[in-house]
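The active site annotation in Swiss-Prot covers 85. What Swiss-Prot records for 466-514 is disulfide bond. Annotated N-linked glycosylation site per Swiss-Prot: 111, 216, 230, 465, 586, 603, in sequence order, evidence recorded as sequence analysis. Annotation comment: Swiss-Prot describes 25-45 as transmembrane segment, evidence class sequence analysis.
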């Protein structure tokens, strides 16, 4: 294939070196600021009157065809209306269960219930009636996130967060009316709810998302974690732990499990074990069975929290002492809220569960919308769940976990097209064609830069940052390079998934994995960002990426799942048969080889009501 001249044909992808582009950007920003100040005072809004940043006359005129195209083919989604946090995922009596936050009446947040769906294989889902809804004073504003615990063959309990009329938060109990029912259709709330209120010193709307983290078999006691914060300290995120034997009476442990200053409210807190060596290395460990591991030195514990201040899921690897109620990070510089993320994009409120069927841990996270509420109402639904991912310890780096689409996703692959040995010259693009529609696909790609080219580069972009360095349009010595998906023919619409390599004066290399949404749509009433972070690339490894494109969702995984980035894309032209895939190399100093690119068409899954 012949590479095409990116500078002459596609100036939006990058026609200038980085410094000149930044200087031009600064001039544009200054002009925009001056114009904004003139309009601000001319319109008399300096008094503090709130102004809607998206004016009605700026809303994009979406057509029914465009909106219908956005609905995904193989992601978990509601049949209609709104969803957010996953809750209580589990495997029970032959069925995978997923509960989720759901407004069954409208395509926006409010009137939150627990939606409920079941599956035999984690990819085809049947939606059941709502499990529980807001029908008591303690949950009248919503039945919010929580968890499910299978206590015994005769008892399955649900712990959920309730919101009062004034949005005070409490922890509440419901139980499966018939534990012998594999579908768990009916739930009964406890007569004496709430079972927990925020303890002294905790604000009444900063207390939520109960989740079991350990079972002390010798004392028949469950340890339940609840997320919170303490603003009397330093805007500190904290994890509180309660002990219970019967889920009706709870005792708060006197010390917090862990806390981190200046990160704000912790939501959806989890602690779970990962094997670091030994026979369980490639399998998961159940929280309730971790004490059966003979050599505890082969196990680490992940602490994860969803940061309410910024809506990202952070995690860290460390040591868990359940008796002393203490979790300690291996590395304080990458503690929870300041270090590692599961995903740098639109992925939040994640929950994991142990799958006894395949001895694995699976993580769910919800993917919200970034368009206007008006558009969501018009299309009749909003938000979805990310692809279920397996979670394993990364034995090669020893510093992170790997999250990767579950193996069942490969069963959706259909026709495949292979490309190999494509040289992508500096400042060029290469269209990948002849594989059918490009909006419901699975891509695996590997790139290399010659060792000689890397060694010849003295220093390159040591201060690079995905979110603030200009995205795929800004050219550097060793990047960006990667793929453009959901692209139209002239590349005025595309989402770029790419690597960017920085080199220090000492010869050290840092690889950034980024996803640029800024040209994903010509619509102007959606949020478009550049997301991403650094990712370990070890000696001898290629730059490897997997991208799952499912209409308006793009989930990308770098280096076998060491990091990932999820984006919502709402193209106006690059839809249906107009969607394209390109390779690109916007580096100024090196050519890049696409050693291997494999693209599969993906089948759709069943996602509809259960037929009784």
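Any Cβ shown, glycine's included, is placed from N, Cα and C.
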Self-check item: Densest Cβ neighbourhood among 466, 514 (disulfide-bonded residues), 10 Å radius
Solution: 514
Quiz item: Out of these glycosylation sites, 111, 216, which one has the fewest other C-beta atoms within 10 Å of its own C-beta?
Solution: 216
Quiz prompt | Euclidean distance between Cα atoms of residue 514 (disulfide bond) and residue 586 (N-linked glycosylation site), Å | solution = 14
Quiz item: So what sits near residue 230 (N-linked glycosylation site) in its own chain, CB-to-CB under 8 Å and at least six residues off in sequence?
Solution: 201, 202, 236, 238, 259
Practice problem: Give me the Cα-Cα distance between residue 466 (disulfide bond) and residue 85 (active site), rounded to a whole Å. | Solution: 27
Quiz item: Given the recorded positions 216, 514, 603, which lie close to residue 85 (active site), meaning Cα to Cα within 10 A?
Solution: none
Quiz item: So of 465, 603, which of the glycosylation sites has the fewest other Cβ atoms within 10 Å around its own Cβ?
Solution: 603
Quiz item: When a 10 Å sphere is centred on the Cβ of residue 586 (N-linked glycosylation site), how many other Cβ atoms does it contain?
Solution: 30
Quiz item: Any idea what the Cα distance is from residue 216 (N-linked glycosylation site) over to residue 111 (N-linked glycosylation site), rounded to a whole Å?
Solution: 36
Quiz prompt | Pairwise Cα distance for residue 603 (N-linked glycosylation site)/residue 111 (N-linked glycosylation site) [Å, integer] | solution = 34
Practice problem: Looking only at C-alpha atoms, tell me how far residue 111 (N-linked glycosylation site) is from residue 465 (N-linked glycosylation site), rounded to the nearest Å. | Solution: 39
Practice problem: Do me a favour and check the Cα-Cα span between residue 465 (N-linked glycosylation site) and residue 514 (disulfide bond); whole Å is fine. | Solution: 9
